[in-house]
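Visitor: So Swiss-Prot has the following annotated:
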- 14-294: domain 'BetaCoV S1-NTD' (DOMAIN)
- Asn58: N-linked glycosylation site (CARBOHYD)
- Asn132: N-linked glycosylation site (CARBOHYD)
- Asn192: N-linked glycosylation site (CARBOHYD)
- Asn454: N-linked glycosylation site (CARBOHYD)
- Asn470: N-linked glycosylation site (CARBOHYD)
- Asn564: N-linked glycosylation site (CARBOHYD)
- Asn666: N-linked glycosylation site (CARBOHYD)
- Asn686: N-linked glycosylation site (CARBOHYD)
- Asn775: N-linked glycosylation site (CARBOHYD)
- Asn780: N-linked glycosylation site (CARBOHYD)
- 924-944: region 'Fusion peptide 2' (REGION)
- 1249-1289: region 'Heptad repeat 2' (REGION)
- Asn1251: N-linked glycosylation site (CARBOHYD)
- Asn1260: N-linked glycosylation site (CARBOHYD)
Amino acid sequence: MLLIIFILPTTLAVIGDFNCTNFAINDLNTTVPRISEYVVDVSYGLGTYYILDRVYLNTTILFTGYFPKSGANFRDLSLKGTTYLSTLWYQKPFLSDFNNGIFSRVKNTKLYVNKTLYSEFSTIVIGSVFINNSYTIVVQPHNGVLEITACQYTMCEYPHTICKSKGSSRNESWHFDKSEPLCLFKKNFTYNVSTDWLYFHFYQERGTFYAYYADSGMPTTFLFSLYLGTLLSHYYVLPLTCNAISSNTDNETLQYWVTPLSKRQYLLKFDNRGVITNAVDCSSSFFSEIQCKTKSLLPNTGVYDLSGFTVKPVATVHRRIPDLPDCDIDKWLNNFNVPSPLNWERKIFSNCNFNLSTLLRLVHTDSFSCNNFDESKIYGSCFKSIVLDKFAIPNSRRSDLQLGSSGFLQSSNYKIDTTSSSCQLYYSLPAINVTINNYNPSSWNRRYGFNNFNLSSHSVVYSRYCFSVNNTFCPCAKPSFASSCKSHKPPSASCPIGTNYRSCESTTVLDHTDWCRCSCLPDPITAYDPRSCSQKKSLVGVGEHCAGFGVDEEKCGVLDGSYNVSCLCSTDAFLGWSYDTCVSNNRCNIFSNFILNGINSGTTCSNDLLQPNTEVFTDVCVDYDLYGITGQGIFKEVSAVYYNSWQNLLYDSNGNIIGFKDFVTNKTYNIFPCYAGRVSAAFHQNASSLALLYRNLKCSYVLNNISLTTQPYFDSYLGCVFNADNLTDYSVSSCALRMGSGFCVDYNSPSSSSSRRKRRSISASYRFVTFEPFNVSFVNDSIESVGGLYEIKIPTNFTIVGQEEFIQTNSPKVTIDCSLFVCSNYAACHDLLSEYGTFCDNINSILDEVNGLLDTTQLHVADTLMQGVTLSSNLNTNLHFDVDNINFKSLVGCLGPHCGSSSRSFFEDLLFDKVKLSDVGFVEAYNNCTGGSEIRDLLCVQSFNGIKVLPPILSESQISGYTTAATVAAMFPPWSAAAGIPFSLNVQYRINGLGVTMDVLNKNQKLIATAFNNALLSIQNGFSATNSALAKIQSVVNSNAQALNSLLQQLFNKFGAISSSLQEILSRLDALEAQVQIDRLINGRLTALNAYVSQQLSDISLVKFGAALAMEKVNECVKSQSPRINFCGNGNHILSLVQNAPYGLLFMHFSYKPISFKTVLVSPGLCISGDVGIAPKQGYFIKHNDHWMFTGSSYYYPEPISDKNVVFMNTCSVNFTKAPLVYLNHSVPKLSDFESELSHWFKNQTSIAPNLTLNLHTINATFLDLYYEMNLIQESIKSLNNSYINLKDIGTYEMYVKWPWYVWLLISFSFIIFLVLLFFICCCTGCGSACFSKCHNCCDEYGGHHDFVIKTSHDD
């Protein structure tokens, strides 16, 4: 629980801050509080209290609460004065820390004045800062009652009370409030005014204050409890001033004895009336630890292992890096230029010192609290670095800063990391000096025109919604598209290079053509379809700023009056932000988050509790504080060269510090743990003390922590022995207090050891002796079997076997939306389901517990595996998870851009360009005529309705040819005039082609218009007929309704209908029936859900059992060798390996399994000489060759019986217990006949139908004649059918246009160059020659092996 601390460290605490009076105040010295000679004796319940709401009878319990330490002393904090008050009375040690609480013993001063009894004692005040913004608890005697208040007092600087019996020259003054203070608690309690002592028990826990009281030394009883929600840090006993009190009168002496409380475990004993009669502080002594361990005030004789003992430190070693600069955190926090939450600022402080007390005082702190860290531990601690974030707080959003809040400040501005160790500071600055820096950190907002907010200096901007965009986002539409829009034209502008224009599309809606619709409408916050909006809502993460405000894209384009054509947005286009002032009471409220990195592992240190660097003590146990890391250890100086200049601490693999380099002396040290050992206590019921054995510790180490009186001590083979005489040369054959390794603690009564005490100056009732148990030479005729002889088989030979085992330790998590599972989206079902109470909540709670249990189980399994287990990666198992051969195409389908695509010939697409044109019937005939030869253009002129036509498309070569002909005809007239005829014909025929195409389209349009007009006329006639028919229907229906109304009136009058409306009755019945059916469905589905959850619980129980079994097998089989047979595999365990598997662990066990056995006679025990019994230890007594021998239980190996393999018994008798013969009841309960039971319950139930008669003649039954209207509608349908439009078919023809001549020329040249290069490679290079040589050799005749012939010539 986070407790907000409104105080400075304890060194700054004072009693009040209001100067109520200056009369008779001095600073004369006074004595320190007295220390009591008597101590807290809890043996009869002193210092204990009764547990709330619980009663215990005749029992002993262990209870952990807030108790004083047994044997602790009291301090007397009472102060008594006459006229003067000393300023030293209001400082330490009288002003004390409250911590967990206090137990006080108060003397009740009883005075008789004028035959009136006055009960007087001092007033105690418990609080924190003792001013009117925190609660102070005051316990004050007043006129024979206890007046207890918890109010926001303004305490005086020098508070005091006065005597009521004899009065005082001073006026009582301990608080000053102009008006009635705010109080949480105010109540009077009676107490026994005639008692001598009063006892008070005050403690606090989790923000709640508890008070207990008693008027005797018995346990205190509950007085009251009060939740404050904050810590009380100090307490103080007010001085009591009286007139002329006699100092020699004991009855007039003030005493207020106080001792602190701490959280301790007590053993409490209750009698048959529920009264605490005895108590034991479990950690006060070794004997009390035995009492608590056995829950007995008188433990049995025995040896008890107690909590470990560690040698206590004898010195302190303190180290800090010297001469580090001050962090100056307060200067950064007090900077008057404060950011807003939108652009919060961060600064990192490292390698410096800071004083938290001074810091909190300099920044006008409102509150300071920490998360995942105790704020009180910051004082004196060191950190690797401290990261500070700050921003001004909008007054209306202050609640958003609560940890875990999802308000605007944490969702869209600054996210507080609740998983890290951090502290939250709320402070303020004078508003007159503060200027809020409202800066938008979003780069994409600023790119499109966001400049500033134009707000006042105290207005704090914060984001309500954040939006993220990709790098190609642009909010403006493309200008060319916008110009084509005739309706809903979007604003447009030029977007930056590398960005995409706003997504828009043009459609036809009703009679509006080119109606444009763009994305992100009406704005990104309330977009119709968020998926089509490029602006995505986002939440800020830890350490992140808001990605940007949303932009209304309808307000982005070329701004009015601007010559800039780039995409910009107007000021009001940016959405999702708001602002508020930070000023209250003329101060601006600011929030700062302290993130603590590397706690106790750095050089950024708080110097609040700064201590000077000390000497490094070696070879002794010391407390150390090394650069903020604290602990205990023994330093040994070593020569180490592995420290770099920036390193000074040495760690092991587990993160424990094991060495350090001293920056002061430049020496290096290794750190070893302080000497520690286990403590064994030997206790005998007749003794008043214990014999202690500090195992593996020398007495010289132990004596550093223990003050000896008359106890003897010595070093033994087992360790240091206290309170026993060293008599190891003396042996005993029987021992009740065995210490192990052949040693025993023998108890002697004081009478038997009196002679020995005369010879030794220091002696004890215990002796440390050698233990030699009875060892008999076994004679066959003196030994008898105990319990009979039995024949068993013992293994004599084995073989190694391996076995795989899979154990499930985890399971997939299941979550169910109960309401949706039962009712889907049916509203009526949800309403009825709400009447089932918390069923769904219970289901979700159970599943959450199941999932939490899964997490916990998995964590435990992981912890077990992480501690000393190596997961084998070479197990040859039968579990294969090869997914390479799994074909998912049948599930996924075709993926990629080529799915569903079709194409023409590759060469056609490569060599030609495609053109599509409308064909009314002559284009296809023209192409069939030309056959691809463009020179036949005019020869293939087509005739359409007697008109010469050509297709309106020309290729590049045709255009070139006709242009050349026209040019030649124009250059040399009249001789070349004939050359222009083809051009003229070409133009005229193609114009004819366009004309006939338009003619056909025009005719089609006329046909459509005529047919549509006819259809409208038919529809009109049909609607008229329908209207007439509906009028007739309405007339008949109205008349029937009138008749029905008359019938219902008769029913109401004659039969006394329960409702005036039959429809209402039917609707209610239907609704009731529907609810019944819904209820049945809900019951069925809830039953199914309950069965499923029950199955989940059953399954998780199996998983939990499997996880527990897996952890047990990891610990017993993998980490060690199990003694259990068939637990780790099949047989006697050798070793096991473990491997991760899906939802579990896979074990490979190796064991040896017996394959041959020997049958022997065994006995459960042997009786020696008729009175001493022995039993085998981890084996059997076997009769081998008429001799009794011992053999192990897992392997036949006879050996002599000795004290190492037997257990001794005091008797030879055997106690038998007969097993009860109890069987499970498997009988099926017998039920009575169903029909007879039904008749028993319903034998008198009879339903009689009422005699109902109706006057049907009063109903007006009218028949409708709609023959004429039906014929008229039929004629309209026929007319619509005749409106079929036989439009002229206009085909679409696809033609190919050849490339120009120069393209073919370029292709030819490229082909020729390729052939030349190929020829050069094949014929003019060595590669080509080698190829020809190969081909030549292929044709040679092969006739077998040919020897090489070498021809040589020489002179004889």
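Placement of Cβ uses the backbone N, Cα and C atoms for every residue, glycine included.
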Visitor: Looking only at the domain 'BetaCoV S1-NTD' (14-294), report the model's average pLDDT.
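Guide: The predicted confidence over the domain 'BetaCoV S1-NTD' (14-294), as a mean pLDDT, is 83.
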Visitor: Considering only the glycosylation sites Asn192, Asn470, Asn666, which residue has the minimal Cα-Cα separation from Asn686 (N-linked glycosylation site)?
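Guide: Result: the closest of the glycosylation sites to Asn686 (N-linked glycosylation site) is Asn192.
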Visitor: Near the Cβ of Asn686 (N-linked glycosylation site), how many other Cβ atoms are there if near means within 10 Å?
Guide: 10
Visitor: Using Cβ atoms only, which residues of the same chain lie under 8 Å from Asn470 (N-linked glycosylation site) while being at least 6 residues apart in sequence?
Guide: Ser534
Visitor: If I take the alpha carbons of Asn454 (N-linked glycosylation site) and Asn192 (N-linked glycosylation site), what is the distance between them in whole Å?
Guide: 72
Visitor: What is the interatomic distance between the Cα atoms of Asn666 (N-linked glycosylation site) and Asn58 (N-linked glycosylation site), given in whole Å?
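Guide: Roughly 65 Å, rounded to the nearest whole number.
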Visitor: Cα-Cα separation of Asn564 (N-linked glycosylation site) and Asn192 (N-linked glycosylation site), in Å?
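Guide: Pair distance, Cα basis, whole Å: 93 Å.
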Visitor: Using C-alpha atoms only, work out the spacing between Asn58 (N-linked glycosylation site) and Asn192 (N-linked glycosylation site) and round it to an integer in Å.
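Guide: That comes out at 29 Å between the alpha carbons.
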Visitor: Specify the count of other C-beta atoms within 10 Å of the C-beta of Asn564 (N-linked glycosylation site).
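Guide: Neighbour count, Cβ to Cβ under the 10 Å cut-off: 11.
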Visitor: With Cβ-Cβ distance below 8 Å and at least 6 positions apart along the chain, what are the contacts of Asn192 (N-linked glycosylation site)? List them in sequence order.
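Guide: Those within reach of Asn192 (N-linked glycosylation site), by Cβ under 8 Å and sequence separation of 6 or more, are Asp215.
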Visitor: Could you tally the C-beta atoms, other than its own, that fall within 10 angstroms of the C-beta of Asn454 (N-linked glycosylation site)?
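Guide: There are 8 such Cβ atoms around Asn454 (N-linked glycosylation site).
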Visitor: Taking the Cβ of Asn666 (N-linked glycosylation site) as the centre, count every other Cβ atom within 10 Å, in any protein chain shown.
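Guide: Summing over all protein chains shown, Asn666 (N-linked glycosylation site) has 8 other Cβ atoms within 10 Å.
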Visitor: Using all protein chains in view, find how many other C-beta atoms are within 10 Å of the C-beta of Asn58 (N-linked glycosylation site).
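Guide: Cβ-Cβ neighbours of Asn58 (N-linked glycosylation site) within 10 Å number 10.
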